[in-house]
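First the structure, in the form of structure tokens, and then the observations on it.
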Amino acid sequence: MVYETSYESGRKPFKPDPNRGKWEKPTDFIYACFGLALKLDLFVISYWFYFDMGLFGMLPYYIYMALYLVPIMVIHSFMGQFSSSGFISSFRVSPFFKESYHMPANSSLSWHIVGYSIAVWAIITFIFYKFSETAKFGKLIRYMVIFTLVLLLICMTRFLFLPGALDGIVHYMKPHFEHMFEGGLCMSVVVLQAFGSGWGTIIALSSYNNFKTNIMNYSWIIAFGQTLVYILFGMVTFMLKHYFQTLNADTFNSFVEANWALFLSTASILSTMEFPNFWTILYYTMLLMGSLIVMNGAEYFSALSLDAIMTHSLMHLILLLAILWVYGRERFQRDIEFMLGEPFASWKIFILRFIAPLFLLFALVMGIFISSFEHAFSSDIMVTVSLIVVLLSVLFIPGYGVLIMFQNTGSFCNRFRRACRPNDWYPIEMEDRQQYEEVVGNADITHQLYEVTEEVH
């Protein structure tokens, strides 16, 4: 019985970056995760996925939040915070799944959007150049999120004086039970939007936390904070929707134009106000700030966007498989208790291993149904593009795993076990690492956490 080092595995050992930096304040992690809710498709989510349920449409959200949103957020935060590395490097906990974070990208063929994207990415480049240090970047994100929410509240206050806006608020606050069932089903998919438009974002953000940061409490704060953002944008959506209804959209074309204006421009509303230039600048500054916070481009093809949402469920299932089953329940519980310095109840592990996967499977089925429904109204070209993008991203997972297996020797079982077991999995800070060695044993730290029986030839 021997242990195999990362060098002997044929893969490049992980080399930590001692100058990676930390958040200036622990709450900067919370603000950064709040910002993940500020996506450009937020109006679409807050209206279409509510199915006209209004504020009561958030009730299923809270159920799903407790059953799998917060538990999975804890897993993401654990991986990043324990390893002090981004979502690719943190998968050294189980290298077989290392390529599981390829995601389909949303595309656009509009030259206008291309031009605007270049301008936005120029601003993003300047931000990364000027605020490259983690502490400075965290402070920037903190103030950007606060400023964005302040602008949103100012715009909401002004929209209250629009014709029909108060009717929209009343409609938003009133329960509509006839829509609760279908809306509650779709809300299971919407919950996963809390992780942002990209994949592995929370893992990357949590990697800048101090090692002992209480990710349990932070995950609940983040979940409720993002819910507040959704509620505020939902209120704006219903106010603007009822304003458009006062314009007598009698025909189907006028109804469609009104809704597209609601989701994409809102300029026709702002132009009717006193001091229209001022409100236009204020409103679109708020949207731009939200976009910069999540570094998210415009989503042009809704079918591809829904495909990306669908894959969220699949990737979360793979994450739970890698951490709770392949790496193992006992090792995960040991690591998170060591990191937090407090017990991690077994019933929480039970939820992560058995309850959360069931709801993720349900969300995956719902995502496939919604995506298929959307593709029914899209062109054959979009269907082909979607299949290529989604299938390629999913096939990266077993493809990379098979590559690792071929680099090993021995029987199929031994190859698979070596491809799954962790490499160089330990805290980065020397003091934490030494304490971790005392807990699990020096051999487990220096080499692998799994034992392998070598074949005798």
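Using N, Cα and C of the backbone, Cβ positions are placed for all residues, glycine too.
Note that the structure is a prediction, hence the values are computed from the model and not measured.
Look at TrEMBL and you will find 29-50 (among others) tagged as transmembrane segment.
TrEMBL lists 62-89 (among others) with the feature transmembrane segment.
Under the heading transmembrane segment, TrEMBL lists 109-129 (among others).
Annotated transmembrane segment per TrEMBL: 141-161 (among others), in sequence order. Long-range contacts of the transmembrane segment (141-161) within the same chain: residues 25, 27-28, 31-32, 34-35, 38, 169, 229, 232-233, 235-236, 239-240, 243, 269, 273, 279, 282-283, 285-286, 289-290, 292-293, each at least 6 residues beyond the stretch ends and with a Cβ under 8 Å from a Cβ of the stretch.
Taken from TrEMBL, the feature transmembrane segment covers 181-206 (among others).
Marked as transmembrane segment by TrEMBL: 218-240 (among others).
The transmembrane segment annotation in TrEMBL covers 252-270 (among others).
Positions annotated as transmembrane segment by TrEMBL: 282-303 (among others).
The feature transmembrane segment is assigned by TrEMBL to 309-328 (among others).
The transmembrane segment annotation in TrEMBL covers 349-369 (among others). Tertiary proximity for the transmembrane segment (349-369) is limited to same-chain residues at least six positions away from its ends with a CB under 8 Å from its CB atoms, namely 64, 67-68, 71-72, 75, 185-186, 188-189, 191-192, 306, 309-314, 316-317, 320, 324-325, 329, 332-333.
Feature annotation from TrEMBL assigns transmembrane segment to 381-406 (among others).
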Distant-in-sequence neighbours of the transmembrane segment (181-206), which means Cβ under 8 A and at least six residues beyond its ends: 29, 32-33, 36-37, 39, 45, 49-53, 57, 59-61, 64-65, 68-69, 72-73, 76-81, 86-88, 90, 101-103, 213, 215, 222-223, 226, 294-296, 308-310, 312-313, 315-316, 359, 362-363, 366-367, 370
